[in-house]
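Q: Right, I'll just put the structure down here and ask away after.
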Amino acid sequence: MSKKKVMVGMSGGIDSSVTAYMLQNEGYEVEGIYLKLHNRTDGYHEKNLGYIEDVAKFLNIKYYILDLADKFSKEVYDYFVDSYLTGTTPNPCVKCNRQIKFGAMLDFAKQHGASYLATGHYAKTDGKFFYEADDKTKDQSYFLSQVDKDALKYMMFPLSTYKKEDIVKFGAKLDVAYKKITEKSESQEICFVETVYTDVVKKHANIDQEGDVLDENGKVVGKHKGFAHYTIGKRRGFTVKGAQEPHFVTKLNPKDNTIVVGKKEALEVNEVVGNNLNMFIDDTKFSCNVKLRYRSVSTPCEVQIKDEKAYITLKEPVYGVAKGQLAVFYHEEKVIGSAWIESTK
């Protein structure tokens with residue numbers, strides 16, 4: 001008896017291409033989905049679809065092109081731009097995973113008879129929780145922590161126990177269709193940002209307006225090139241008169257286009273409040289480790305959930321925590337929930 005149908009989110013990259021091969025090799029009926037999330041005119045989609053076409057021919061599978069550009073624009077792109085214009089630091093990949101990949105794409109897969117949706121993410125799931133991947137340098141559990149818990153039972157991550165370098169080596173030997181993919185450059189971290197984030201924001205607002213740099217007492221100590229060019233913890237791109245040691249951005253004030261700077265100790269954070277929780281456990285008070293940005297070291301903390309907010313008390317200080325980023329709660333390698341950072345002190 002043949003195994004169930006799995007749809008694979010295919011990007012034209014090596015991870016999703018090997019994922020499709022692995023699942024077919026295990027006996028699943030495999031079909032692909034390519035997400036068209038924006039209307040780039042630089043050949044981006046054409047290149048990706050060329051790679052997917054070659055892989056689909058090798059595997060003898062069909063694939064769909066799912067145009068979610070409008071939904072992506074409203075729910076991810078606009079949020080990204082608005083965040084920088086309101087002085088917070090966005091995480092578009094987290095939004096995309098919840099709303100687009102494991103929201104709309106999962107709905108599409110189920111409507112087309114798939115029992116599962118697989119992707120080339122480096123993470124693990126048992127249908128109830130996410131866990132860190134074995135390759136900690138590529139682990140993407142942080143970005144998945146806002147996905148609706150009802151979606152987990154449909155999700156598969158075949159690469160969860162592999163190292164990225166092994167997937168690349170494996171793909172290069174598999175077929176010429178895969179070898180071509182391994183020879184192209186890695187895709188950029190945020191698919192719609194071709195160079196730097198400010199190039200995207202500049203399309204929607206004049207962010208190149210000089211403003212005052214303030215010290216922690218509100219005194220003008222220098223100039224900057226426009227608040228949207230800065231994020232919390234940044235130490236370059238502004239002047240501080242008479243400074244003998246590095247100064248860091250500690251606060252952004254969009255209303256009057258000022259930024260506040262201070263020495264490293266001014267970035268110290270001991271408490272965090274988070275909103276828009278996505279919890280995989282029911283406890284309202286617990287100890288765990290928290291990651292306050294991707295690729296950061298996790299920090300031991302106490303968490304209390306009250307009035308739909310997470311009150312996080314860190315057991316050791318963390319420096320440079322930005323509003324708008326995600327606090328992800330871990331128990332060892334298991335993701336037990338997450339919350340968007342609203343305030344710090």
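From the backbone N, Cα and C atoms, a Cβ is placed for every residue, glycine too.
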Q: Starting from the ATP binding annotation in Swiss-Prot that includes G9, M10, S11, G12, G13, I14, D15, S16, L35, which of G120, G127, G211 is the extra site residue?
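A: Swiss-Prot lists G9, M10, S11, G12, G13, I14, D15, S16, L35 binding ATP, and from G120, G127, G211 it also lists G120.
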Q: What's the CA to CA span in angstrom from G13 (ATP binding site) over to Q325 (site 'Interaction with tRNA')?
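A: That separation, Cα to Cα, works out to 27 Å.
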Q: Please name which of the recorded positions listed here, G9, S11, D15, L35, C96, is nearest in space to H121 (site 'Interaction with tRNA'), Cα against Cα.
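A: Nearest candidate: D15.
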Q: If you count the other Cβ atoms within 10 Å of each Cβ, which of the binding-site residues G9, G13 comes out on top?
A: G9
Q: Among the recorded positions listed here (L35, C96, C191), identify the one with the smallest other-Cβ count within 10 Å.
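A: Counting other Cβ atoms within 10 Å of each of the recorded positions L35, C96, C191 gives the minimum at C191.
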